């Protein structure tokens, strides 16, 4: 009997959060181990399907860096990185577009199998993501200039769940590879999303990444600004994205461990949460 009561308590605990976030837009940046491990991938898809079915409005932005690197190697296309960003010449950009499109359609298929009206897009569709060249040394790597969010608003209104590949275009219709974190942040700002969640390969934000007991469960925007200069590497970039989002209309940003099964549900629908809440 006790185990049944525990299950009931879990549902009751989720109720106020389901009510609070009903009809709210939730941006999810999907990447890392949660994309590479089939069991974790299925858990993420289940979480997102449940978010949708209880009345939230999720949007997924996905990456695909490791798959792009693997395909470049398989096809003999040279792939190099500068300052953590892939140098994207025309050949590399074509490979990236192909791989990201394949990932995108697989995600659409996975969610449709769970009863969700999912639709796959890239930033070129409907001129969703207009960009310019980020750096001449990076070739076709883009910086987003404008998000034409009307198409996403119309899809959400028609009960679709958009899944977006991080590919954009410039005014001359050239194709650009864009950092998926940047895409998620830009779209969240354009739609003034209730939440932006990053699925990562870390438990969250730490005061000291060498001290696993220093995990920060919640941090205000002002505290995040103070902490940001003290953090190095990829998490510094991610924290800057969190700050940018919170300063531009996104209410809360979450840094979650995508290696933990059902981390999205644990963060959004429980009192304690999991990972780090910014804002």
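Every residue gets a Cβ built from N, Cα and C, even glycine.
Feature list (source: Swiss-Prot):
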BINDING   64, 65, 86, 177  substrate binding site
SITE      29  site 'Transition state stabilizer'
SITE      238  site 'Transition state stabilizer'
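Sequence features, as recorded in Swiss-Prot, placed on the structure.
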residue	record	Cβ neighbours (10 Å)
29	site 'Transition state stabilizer'	29
64	substrate binding site	22
65	substrate binding site	20
86	substrate binding site	21
177	substrate binding site	27
238	site 'Transition state stabilizer'	22
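The substrate site, placed at the center of the C-beta atoms of 64, 65, 86, 177, has further neighbours from the same chain whose C-beta lies within 8 angstroms: 63, 68, 69, 88, 96, 99, 100, 166, 180. Candidate recorded positions: 65, 86, 177, 238. Nearest to residue 29 (site 'Transition state stabilizer') by Cα distance: 238.
In the three-state DSSP assignment, the secondary structure recorded for residue 86 (substrate binding site) is strand. Secondary structure at residue 64 (substrate binding site), as computed by DSSP, is coil. Put simply, the two farthest-apart Cα atoms among 64, 65, 86, 177, the recorded binders of substrate, are 12 Å from each other. Taking only the Cα positions, the spacing between residue 86 (substrate binding site) and residue 238 (site 'Transition state stabilizer') is 17 angstrom. Rounded to a whole number, the C-alpha distance linking residue 65 (substrate binding site) with residue 238 (site 'Transition state stabilizer') is 16 angstrom.
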